[in-house]
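Features of the protein shown, as given by Swiss-Prot:
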- 19-26, 81-85, 136-139: GTP binding site (BINDING)
- Thr26: Mg(2+) binding site (BINDING)
- 10-206: domain 'tr-type G' (DOMAIN)
- 19-26: region 'G1' (REGION)
- 60-64: region 'G2' (REGION)
- 81-84: region 'G3' (REGION)
- 136-139: region 'G4' (REGION)
Amino acid sequence: MGKEKFSRSKPHVNVGTIGHVDHGKTTLTAAITSVLAAKFGGTAKAYDQIDAAPEEKARGITINTAHVEYETANRHYAHVDCPGHADYVKNMITGAAQMDGAILVVSAADGPMPQTREHILLARQVGVPYIIVFLNKCDMVDDAELLELVEMEVRELLDKYEFPGDTTPIIHGSAKLAMEGDKGPMGEQAIMKLADALDSYIPLPERAIDGAFLMPVEDVFSISGRGTVVTGRVERGIIKVGEEIEIVGIHDTQKTTCTGVEMFRKLLDQGQAGDNVGILLRGTKREDVQRGQVLCKPGSIKPHTHFTGEIYVLSKDEGGRHTPFFNNYRPQFYFRTTDVTGAIELPEGKEMVMPGDNVSIIVKLINPIAMEEGLRFAIREGGKTVGAGVVAKIIA
């Protein structure tokens, strides 16, 4: 079956929905696709098409994020809808890592809830640079003062996690009304306002297209008759069909060749920074590649286990630990797409670290990870995020 080529006529931006469960993330995602498809062309996606995606079996393997695409007058957007439940945090992290900006959905009827806070914190942690707020279900709130109060609460929460609360666009509307074809200010007009905010508030990302090719592995599929396909978002550089690449991290570094690139099921000659792609690898077995590794230009990045980091430990109120930790504490370090256990060495004279502290640490991981200074990570314990950090200096 011949695949159509993917058009690059408009600049491409990655966004996604975040926020508390049942505040309307998926309904809003569906509303955006239907309103913008009617106006600028594209495909409307129904709620259940998007909602099914978190548990979707694609070629027999579960993918945990729904990807949709839509266009505004000026741009092409790829949009991920992250599942909202707390136990999906790992997927939220991988989803949020693919965003040039996030749409935070807050129910006007409920106001900010625990996952609202958690998702803003995660956005801060995984380096989502911009947040736009969609205050949903405004049709259910008659009191204008109450709406103002909720908006104020959201702005304060954004400030707390170092997003510019005062200048963040907050759009009032109802995703449900928009889905039902309501042409009023709460319906389609609110979606168009949101589209304008996406275009004007989220700057075109400075793509690291000139860097050495790097793509964190998110998923691996075996496709009969074609070989092994690795999916992920190209972090930087360009990958062309026929180029040699390395698989780095966890195991010994392996060399392979890219024999195909596809995006939204369309074939490309190349994948470039910012693209969500599938890369076909020659002669690589399904079991030779796993989440947590990276594909990269040969020699451009090395695997490491030993580094110093600057970390912030979440307070109890932020959902972090209730007790301090001590030297040789062994949590999981979440790099890009996976958890790796590591031991923490505290600075001399520092006996313990309290929730809410920030501290310089030395870390030794049990498996090597493709690493550079400036790489961000989360610290997790039993599936719960307890800290955030950045690689300050590589030791070995």
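Every residue, even glycine, has its Cβ placed from backbone N, Cα and C.
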Can you tell me whether DSSP puts Gly19 (GTP binding site) in helix, strand or coil? strand
Across the region 'G3' (81-84), average pLDDT on the 0 to 100 scale: 63
Using a 10 Å radius around its CB, how many other CB atoms surround Gly19 (GTP binding site)? 27
Cβ-Cβ neighbours of Lys25 (GTP binding site) (radius 10 Å): 28
Chain-internal residues, separated by at least six, CB under 8 A from Cys138 (GTP binding site): Ala108, Leu147, His172, Gly173, Ser174, Met186, Ala190
Once the chains shown are all counted, how many other Cβ atoms turn up within 10 Å of the Cβ of Asp22 (GTP binding site)? 15
DSSP output for Thr26 (Mg(2+) binding site) maps to helix
How big is the Cα-to-Cα gap, in Å, between the residue listed as 'Mg(2+) binding site' and Gly19 (GTP binding site)? 10
